[in-house]
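Enquirer: Sharing a structure, written as structure tokens. Questions coming.
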Amino acid sequence: MESKNNVTTVHILGFQNLRYYKFFLFCLLLLTFCVSIFGNVLIIMLVSYSKNLKSPMYLFLSQLSLCDILLSIDSVPNTLDVVLKEGESISLAGCVVQFISFVISEGSECLLLTVMSYDRYLAICNPLHYASIMGDGLCLKLSIMSWTPSFIYSIVLSISISSLNFCGPNIIDHFFCDLAPILDLSCSDVSFIQNEATFLSIPAVVCPFLVVVISYVYIAKAILNISSLSGRKKAFLTCSSHLTAVCLYYGTVIVAYTFLSSARSLTMKKVLTMVYAIVTPSLNPIIYSLRNKDIWEASRNIVNKMKQR
């Protein structure tokens, strides 16, 4: 069916009535963006050039960093404009493209966190066979499985959105283009796309979340079965960073999209969306490197090589 669009430009409201906090929020978002880009690029460089960071865990971590870079580039620059100008206009096509890019990066991040949970499960629950199981072939398959579904979901949703008629209003009460605000602009029946999005969320979010939970249940059992306190501590430290990142990601996503659906909670939903879409990509490099001796050692080696030159 041919779509007839009276709406060609969309106005994003962002956060209204910031007043004196506008400049503070702008500087905070800009700092977050710089930290995210610098931290994630650094991790990718360290994993690429350091011989000590060639294990599957760091391979998946570098891909997670790539997701975070894409997510930051997709979300933050436009959000900075929205905050500074207290609203921003964007073309309808540009709005849809931003949402599709968001789906790809967020979907891949969700699946990569799941793959990393499985990697930690194998490392702690089956350490003797870890190297033989998590070989190059399985790593490649898991990497493909982490990225491919998100591209498929984005294609399906983009085809569905392109069939809609957009005849107004043209205002999005958010700081970026998400699915629900886009559907609010349509005068077509959007129930099919809503059901489609709900159906796609099962393999995209629900199933990965269940895999993460099951993995950590087995990890917890394995750690509790370790007799020595030092052994338990060492085993816990190998997955504590990832567990922190998982809790931060899924916690904000579940609350934002499950419990905060009323108009009264719209501001809180914006804040939580900002946490997992903008803040989390900047925190992941810090979370994964703060207590990681391998990353610190790789950083020192690169700094020493640069000094020698």
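In case you wondered, yes, glycine gets a Cβ from its N, Cα and C as well.
Found this in TrEMBL, in case it helps:
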DOMAIN    39-288  domain 'G-protein coupled receptors family 1 profile'
TRANSMEM  20-47  transmembrane segment
TRANSMEM  151-172  transmembrane segment
TRANSMEM  199-224  transmembrane segment
TRANSMEM  236-259  transmembrane segment
TRANSMEM  271-290  transmembrane segment
Enquirer: Sequence-remote contacts (6 or more beyond its ends) of the transmembrane segment (151-172), Cβ cut-off under 8 Å?
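Expert: Residues 1, 3-7, 9-13, 92, 95-96, 99-100, 103-104, 107, 179, 181-188, 190, 192-193, 196-197, 200, 204 contact the transmembrane segment (151-172) from elsewhere in the chain.
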Enquirer: Quickly jot the same-chain residues contacting the transmembrane segment (271-290) by Cβ under 8 Å, restricted to those at least six beyond its ends, or write none.
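Expert: Residues packing against the transmembrane segment (271-290) from afar: 29, 32-33, 35-36, 39-40, 42-43, 61, 64-65, 67-69, 71-72, 75-76, 79, 102, 106, 174-176, 178, 241-242, 244-245, 248-249, 252-253, 255-256, 260, 296.
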Enquirer: Tell me, what is the mean pLDDT of the domain 'G-protein coupled receptors family 1 profile' (39-288)?
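Expert: So the average pLDDT across the domain 'G-protein coupled receptors family 1 profile' (39-288) works out to 89.
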